[in-house]
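Beneath this line is the structure, given in structure tokens, with notes to follow.
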Amino acid sequence: MKLFPWTRPLVARFRPPGDKSITHRAVLFSTLAEGDSEIYHPLDSLDIAASLRLVQTIGVEIIQQHTDAWVLRSPGYHQLHEPDDVINCDNSGTTIRLASGLLAGLPGLTVLTGDNSLRRRPMARVIEPLTRLGVDIRGRTGGLAPLVIKGGAHRGGVIALSVASAQVKSAVLLAGMTASQPVTVQEKTPTRDHTERFLHAMGAKIYADAGKVTVEPGRLQPIAVTVPGDPSSAAFWATLAALLPGSSLVIEKVSVNPGRVGFYQVLQKMGAGVEFRVQQPDPDPMGEIVVASGPLRGISIGPELVPSLIDELPLIGLLGSLAQGKTEVRGAEELRFKESDRIHTTVVNLQTLGVEIKELPDGFEVWGQDHLGGGVVDAFGDHRIGMMLAIAAAVSREPLELLGGDAIAISYPKFFSDYQRLGSV
Ligand code: S3P
């Protein structure tokens, strides 16, 4: 696919597609409560299709699936049934990891698998803590999917997480919902708390204190939720607005959850104009983010910030390549275990565009310059790398040939129609 530099600034109001993390949770958690869960402004993408398929396979009925309103009917967790076949989670790490905890209390055998990329991603991080709770869960050698879960009774306990991962934290908390005793998770670095907020809104006894979250097993109520816009999807347009002189972008009804806005705070520190307006604090903060272009300067990002902008780090590479001075990202080894090795795929693609960027074991260093070149770049099957490269094309001086852009449908199927629409506003 050939992509061309944009010739005009980005001046627009824009509502991003529904948040991926929250839509996954809305779909998966519908299993926990008897009755109808209503999901407004859901993300409709390939990743979410994997979660929808999973819940249907164990007994949830899709009552309504209009563009902007879904209704899922669950018979209640204890009426769900063993799946009659292997469940394919495709490319979705959130589906397979959250489902590992969710299905821990479901009597019977569940086998969870995925595509080539998912079957290479680390699952020991969920197998180990769940095993400590007495869950019978196994993977292939090296802790890889397929995962086999023999669900049933398991105990509570205190689990200290060895990786900063909201997916792992969520898997443990979900197992806690069907354990015999409360489960406490201890995090070293805070990660996004959508699971905690969601379970609380469904009536769970869940409390957080000093880096620990405890959940008590119990009955939940279905809820109606409006999914905020995805700040990680909006970050592509925010990057464009920050880089194209004269731009101003109002991102409407977007998640402003403190665990998700690290990227926008960094953008502000780099010199872009950024304003946050919280409009609805509960159950998960939603509001407006305004981004205006500005001359950007390099920045240093360390491990304490990484979880709050983990999915946006490829964009920091792009921003750093057009900012003044050096930009450095460290403590981000987790990026190597995403849909692609995002340290490597960011570095090689930006090098193709003539950027001086160096790969480090846990991040990268990039030196700013005044323009990007063109060339043939590759998404490497990774939606976020594909979108970062499309934004690079828009701010480059030369056209760019993008290979593998179809991966973008994983999280943002309408990305290219928005690209055209926003490009001609
Ligand atoms: C997610 C958590 C993050 C993120 C992923 C979605 C979630 O993964 O990269 O896109 O919904 O909990 P990790 O928990 O593996 O860091």
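The backbone N, Cα and C atoms fix where each Cβ goes, and this holds for glycine too.
When the candidates D136, D311, D362 are compared with the 3-phosphoshikimate site entry in TrEMBL, which names K20, S21, R25, S165, Q167, K338, the shared residue is D311. Nearest Cα neighbour of D311 (3-phosphoshikimate binding site) among the listed binding-site residues (G93, R121, R384): R384. Closest by Cα distance to R121 (phosphoenolpyruvate binding site), from the binding-site residues K20, S21, R25, S165, is S165. In this structure, D311 are the binding-site residues from R25, R121, D311, R342, R384 whose C-beta falls under 6 Å of some atom of ligand 1.
In the predicted structure, the domain 'Enolpyruvate transferase' (9-417) carries a mean pLDDT of 97. Each of the binding-site residues S21, S165 was assessed for Cβ neighbours inside 10 Å, and the highest tally belongs to S21.
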